[in-house]
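Peer 1: Quick one: the structure is below, questions incoming.
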């Protein structure tokens, strides 16, 4: 009755899927015959995994965060303008970006908890506000440029004795996931999970429901900032950099078997879901499936994942034309 | 600002227990719309224009028509406690189906419209079945269907396709005085949807399912069938919006729905109209008010010559403030 059963709950299937995809990659592409290929995959997946971990905190506590995609776009555009290609600006701009992420999360969380607005609406409004504000400020086209030291985090790597070149983004990714796992095993993390399951019980038991919800949104905003810094370095500055990322992060979390509505699922599974999604896109790319069909595949997969989560191994019984006695409610 | 004043008045005017004069969300929406029209008229007047002249009314109603059609359908789904994120791509798909079936010949108008509506109904059926049979969360189910539609559109189309005969383009441009015919049709459909929700058995069932699906099931409501019906109707309304847009543009356009963001926009309009996102409360009348507020805001911003991105900011703030007010009123009533 410690953390073991909860960690296994829903984590198994996504890890199997991930393993199959990774093995598939090794067969499909020669680049994946050596560790370098997988490191490149990790590096590519790092922003999405970080976003998915942030989204996990919000979803598991029973909410949504639709604002992360536009937050990423806003921060990348703002960073480019403020850094303006000067290495001297890197430090304070990064601090400012992280601060902005926390602030956005704080606003999302306060409106959700104090004004009792559903998080779907709050973060949808935040999405509109951020999208509008950033374009208003930048005049429609991003200006300025990032400095080399800023881009180092997203694209650079460091020499490690055994592995060779280890990308900074992979280190950030590992630190974030490890911290998230540690957090979810702590008392606060478990109470957060309980809030998603049944907030009244937590409230009656003396838990600070509002404060925990707020914390989830703040963490989501903070991690979205980290993802923005990684993406800015990796992909460069554009006004479309965060487009659709919120739905992709939610897809990743759901793919990891985390229940929408909260209360179930592990953070490792959410991260594995994000990694699986990225691995799948790489695999489809190698197999020559057109990029246009990528979203269709993504759509089918999330429906399948949720259906599997709802029915477990009994799914085949539901899908059979004439079903026998339905034994699961 | 106006909304804040509404709330203050609403609070002081509602005595706890009498039922004589209750300020319903619908009333609040239309009061807010009236205040917005007055404030907007003054602002535009100061700027040297007239808000509610011939062109202004035409502008507000034309903008509201498509969003109104989508939002009416979205209302049915949200009242049932569900959600439809696939409407934006569906609008684009249906505009293409209609325009390609018509292919410029007036004889194919009816088959074109029917084909688009059948496609829409099938997509709605898929949405509903994924939610009820596969027990997928509505958010994920319709997001998945939306992504599938998006993949289909991106794979097969790069730009506008098909063409609409001139006779059918009348539906997009004809008007009686300053009122477009299409807007009247939209209002007619809104009235039909209102009647359906308030006066038919299935309509009542939608409220019941949205209020509490387990209670509804135990009371003998076929909840699955009700949810599927709501999704099919919602998709058909989105299909109508696509057909109308095809008539207005003269051809089908794959991204006409997503460029305008009809998925989230329609949800915003519904919620702005006082319908609870969790389901079971609200209605079409409020939604139309929400749609008119959004399209009036757009028109005011255009008349004032403000940056279009500023619109998004105001829109987001209005949405959050409005829902916060509804939530407060509800919480206040519950505690008394």
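Cβ from N, Cα, C; glycine included.
From TrEMBL, for reference:
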- B:21-44: transmembrane segment (TRANSMEM)
- B:56-79: transmembrane segment (TRANSMEM)
- B:86-103: transmembrane segment (TRANSMEM)
- B:109-129: transmembrane segment (TRANSMEM)
- B:136-153: transmembrane segment (TRANSMEM)
- B:176-197: transmembrane segment (TRANSMEM)
- B:227-247: transmembrane segment (TRANSMEM)
- B:309-327: transmembrane segment (TRANSMEM)
Peer 1: If you count every Cβ pair below 8 Å, which range out of B:56-79, B:86-103, B:109-129, B:136-153, B:176-197 shares the most with the transmembrane segment (B:227-247)?
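Peer 2: Between the candidates B:56-79, B:86-103, B:109-129, B:136-153, B:176-197, the best contact partner of the transmembrane segment (B:227-247) is B:109-129.
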Peer 1: Going along the chain, which residues at least six beyond the ends of the transmembrane segment (B:109-129) come within the CB cut-off of under 8 Å?
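Peer 2: Sequence-distant neighbours of the transmembrane segment (B:109-129): 84, 86, 90, 93-95, 97-99, 101-102, 141-142, 145, 149, 164-165, 167-168, 227-236, 238-240, 242-243, 246.
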Peer 1: Quick test of the contact rule: Cβ under 8 Å, at least six residues beyond the ends. What residues does that give for the transmembrane segment (B:136-153)?
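Peer 2: Those are 77, 81-86, 88-90, 92-93, 96, 123, 126-127, 130, 254-255, 258, 263, in sequence order.
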Peer 1: Below 8 angstroms Cβ to Cβ, which residues of this chain, lying six or more residues outside the transmembrane segment (B:56-79), approach it?
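Peer 2: Result: 50, 87, 91, 138, 175, 178-180, 182-183, 186-187, 189-190, 193, 196-197, 206-207, 210, 230-231, 233-238, 240-241, 244-245, 260, 262, 265-267, 269-271, 273, 275-277, 279-284, 287-288, 290-292, 294-296, 298-299, 302-303.
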